[in-house]
């Protein structure tokens, strides 16, 4: 019974992590593609590293490392790798909870910081090609113009702005997009947390099962 349970847990955890390792590879590859082609540009010059490409590379790398530890730890029944996998998942989960709390507590300050960053970057539109690409993408995607309105463009309205007198600013449109998709964002976040907890549970259970099997075999 012990050996069959051990094999079942081992292969479930292995394929579970193998799937996420491939997902991590895809995210990393897409992040590298965006970084090389730099199609989205840089919006916040105080945080030049905060681009979609860099974020995807970091997330993809973390997923690959954690999933690799889970794969190797489960298939080789290595307790050290399994505990490393568990600890990393725990750290990531705690970091996510901490970040969510900080975003909730400092929501007003964060909103003010974002608005100031957008206002500062809009003045670089005609002098910085990276900023121009970022603004053109946002205005085309969200169908918005300027930070709060078309009045933010002092040196002529860009072609990426919609031809509409009542067009809204990108800051307001971004907030509306977030609120309209809040349910989906919440569901995805909860699913990610549940998957992490399941991974931690499988790792601990497999670790305990390895101990029981070892004792049963007298090793």
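Each Cβ is built from the backbone N, Cα and C atoms, and glycine gets one as well.
TrEMBL annotations: computationally assigned, not manually curated.
Taking Cβ pairs closer than 8 Å, the transmembrane segment (12-36) reaches residues 51-64, 66-68, 70-71, 73-75, 85, 198-199, 202-203, 206 in its own chain, all 6 or more past its ends. According to TrEMBL, the transmembrane segment annotation covers 12-36 (among others).
Summarising the annotation, TrEMBL assigns transmembrane segment to 48-69 (among others).
As annotated by TrEMBL, transmembrane segment applies to 81-106 (among others). If you look at the transmembrane segment (81-106), the same-chain residues 6 or more away from its ends with a CB under 8 A from one of its CBs are 17, 62, 65-66, 69-70, 72-74, 189, 192-193, 196-197, 199-200, 203-204, 206-207, 210.
According to TrEMBL, the disulfide bond annotation covers 145-161.
Taken from TrEMBL, the feature transmembrane segment covers 182-206 (among others).
Figure note: comparing Cβ neighbours within 10 Å for the disulfide-bonded residues 145, 161, the maximum is reached by 145.
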